[in-house]
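Colleague: Sequence annotations record features per position, and here Swiss-Prot assigns (6S)-5,6,7,8-tetrahydrofolate binding site to Leu119, Gly123, His124, Leu125, Ser370, Pro371, Phe372 based on sequence analysis. Summarising the annotation, Swiss-Prot assigns site 'Plays an important role in substrate specificity' to His227 and lists sequence analysis as the type of evidence. The N6-(pyridoxal phosphate)lysine annotation in Swiss-Prot covers Lys228.
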Amino acid sequence: MDTDILQKQDAEVFASIANETKRQTETLELIASENFTSRAVMQACGSVMTNKYAEGYPGKRYYGGCEFVDVAENLARDRAKKLFGCEYVNVQPHSGSSANMAVLFSVLKPGDKIMGLDLSHGGHLTHGSSVNFSGQMFEAHSYGVDRETGCIDMNKVEEMAMQVRPKLIIGGASAYSQGFDFKAFRAIADKVGALLMADIAHPAGLIAAGLLPNPLQHCHFVTTTTHKTLRGPRGGMIMMGSDFENPLGITIKTKTGSRVKMMSEVMDAEVMPGIQGGPLMHIIAGKAVAFGEALQPAFKEYAAQVMKNASTMASRFMELGYTIVSGGTKNHLMLLDLRNKNVTGKEAENLLHEAGITVNKNMVPFDDKSPFVTSGIRIGTPAMTTRGMKEAESRRIAELIDQVITSASKPDISAICEAVREEIKTICHNNPIEGYSV
C-alpha cells in the first residue's frame, strides 16, 4: 500500500508503522490470536468506506447514500452464511467482546446466572470474569478443567449446571487446546432450561474449513472474531443456525395486534442501537473480502496445515520434556506449563522476544502465580502457517524455543538469544509474508 503521503505528512506515525512492519516480517509471530491479513483485506479496510456513516442495516438505514455500503455488508453476510452454514448472521460487532455482549444483553437480565470456562483455566474475560461486564452484571459461575487430565470434565459441568440452573451456558476458550463437545453441552443446557452459546473466536477458521465440528447445529448462538484463524480484519460476528422466538417474550406491534419478536430481530436491535451506533463499514468490507478468501480451496489447505504444524510442534515439545496442558493439541494452539523448567511465563516471554520469537505469558490451570507473571506460555501456529511454514519449521522452532528456555539462567543467555534471533530471521526471510515489505 502506498505510504508516500503518510511519510510526508506525519513522519512519526509513518515510522511506527514501518517499524511494526519490520517487526512482523523479520520476527516469528506465535501468539495464537494473531495472523496476517491479505493485502486485499487491508486495502478494503483502508478504503473510502471509512468515511461513511451507516447506522441501521442494509435497506433500512438512518442515513442516505448507503447504497454501496449496503452492497459490501450484504456480501459479508451472504459469504458468512455460506462459509458457516448459518441462517442468521450479524457482521457489525466491532469485536468478539462486542458480539458476546450483544448475545448476553439480548437474552439475559441483570443478575441472571451464567456459566463459562474459568479464565485461569483457558476461558475468556467475557465468559464471566469478575473484572468484566459479564461477571459484574450477571451472576457468573465458572467450570474448569480436571487437575489430572487438563481437560473439561463434562460430568462436572453437568453437576454445576444442575446446581446453579443458569440461564445461559457458554462454551469456548482463549487458551484450551482440545475441542468442545457441543452436543453434550446442549444436552446439559436442555436439561436445566438454559440457552447455549459457543464462542469460536479462536478455532473459527478451522471450523469454516470443515476440520472441526460446527457448533451451529447444537448452539442457540455462535459468536466469533473475524481475525485469528479466519485471517480477516479485527472484528466480531454473531450467528444462529436457525431463527426462533426470543425467550424473553419481547413483542412487536402488528396491524392486527402484536407478535413475539424473532431472535434475529432482537439481536439486530441489541447490536444497533443497543450497544453500538454506526458500523465500521471499511472493516465490514474487509470482512467480506476475508470471507471470500476463506471460501476458496486454498484456505482449507491452509487450515489443515495450521493443525499439522501445531500437532508437530506440540509433539516435539513433549519429546523435549515439556508439559502441555491437556496432553497435546487438537486445534491451532498449545499451552506450555513451564513449572518443571523453573522459568516463569513472564521470563520466557521476555527472553523469547529477545530471540525474535513472540509468544504471550499465560496462566495454566491451578496456577499459583499472578496473571502478570504466570507459569506458562501460549503458542499458536496460524501466523507462521500463513508464511508458508510447515512441519520441518515447526520442529525446528520448538527446538529453538527450548534452547532459549533451558538457557534462561546461563551467563551467556544474551549471546544464545542473539544466535537464535539470527536463525529465526533466516527462517522468516525464507518464508516471507506475501505482499508485505519493509
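Placement of Cβ uses the backbone N, Cα and C atoms for every residue, glycine included.
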Colleague: To which of the binding-site residues Gly123, Pro371 does the lowest count of other Cβ atoms within 10 Å belong?
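Modeller: Candidates: the binding-site residues Gly123, Pro371. Fewest Cβ atoms within 10 Å: Pro371.
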Colleague: Determine, using Cα-Cα distances only, which of these binding-site residues is closest to the residue listed as 'N6-(pyridoxal phosphate)lysine': Leu119, Ser370, Pro371.
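Modeller: Nearest by Cα distance to the residue listed as 'N6-(pyridoxal phosphate)lysine': Leu119.
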Colleague: Can you tell which of His124, His227, Lys228 has the least company, meaning the fewest other C-beta atoms within 10 angstroms of its C-beta, among these recorded positions?
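Modeller: It is His124 that, of the recorded positions His124, His227, Lys228, has the fewest other Cβ atoms within 10 Å.
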Colleague: Listed (6S)-5,6,7,8-tetrahydrofolate-binding residues Leu119, Gly123, His124, Leu125, Ser370, Pro371, Phe372 - what's their greatest C-alpha to C-alpha distance in Å?
Modeller: 17
Colleague: Which secondary structure state does DSSP assign to Leu119 ((6S)-5,6,7,8-tetrahydrofolate binding site), in the simple three-class scheme?
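Modeller: DSSP call for Leu119 ((6S)-5,6,7,8-tetrahydrofolate binding site): helix.
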Colleague: So for Phe372 ((6S)-5,6,7,8-tetrahydrofolate binding site), how many other CB atoms are inside 10 Å of its CB?
Modeller: 10
Colleague: If one measures from the C-alpha of His124 ((6S)-5,6,7,8-tetrahydrofolate binding site) to the C-alpha of His227 (site 'Plays an important role in substrate specificity'), what distance in angstrom results, rounded to a whole number?
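Modeller: That comes out at 16 Å between the alpha carbons.
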Colleague: What is the total of other Cβ atoms whose distance to the Cβ of Leu119 ((6S)-5,6,7,8-tetrahydrofolate binding site) is within 10 Å?
Modeller: 23
Colleague: Rank the binding-site residues Leu125, Ser370 by how many other Cβ atoms lie within 10 Å of each Cβ and give me the one with the fewest.
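Modeller: Least crowded of the binding-site residues Leu125, Ser370, by Cβ count within 10 Å, is Ser370.
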Colleague: To the nearest Å, how far is the Cα of Leu119 ((6S)-5,6,7,8-tetrahydrofolate binding site) from the Cα of His227 (site 'Plays an important role in substrate specificity')?
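Modeller: Checking the Cα atoms of Leu119 ((6S)-5,6,7,8-tetrahydrofolate binding site) and His227 (site 'Plays an important role in substrate specificity') gives a distance of 21 Å.
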Colleague: Among Gly123, Ser370, Pro371, these being the binding-site residues, pick the one whose CA is nearest to that of His227 (site 'Plays an important role in substrate specificity').
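Modeller: Of all the candidates listed, Gly123 is nearest in space.
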Colleague: Can you tell me the three-state DSSP label for Ser370 ((6S)-5,6,7,8-tetrahydrofolate binding site)?
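Modeller: Where Ser370 ((6S)-5,6,7,8-tetrahydrofolate binding site) sits, the three-state DSSP reduction gives coil.
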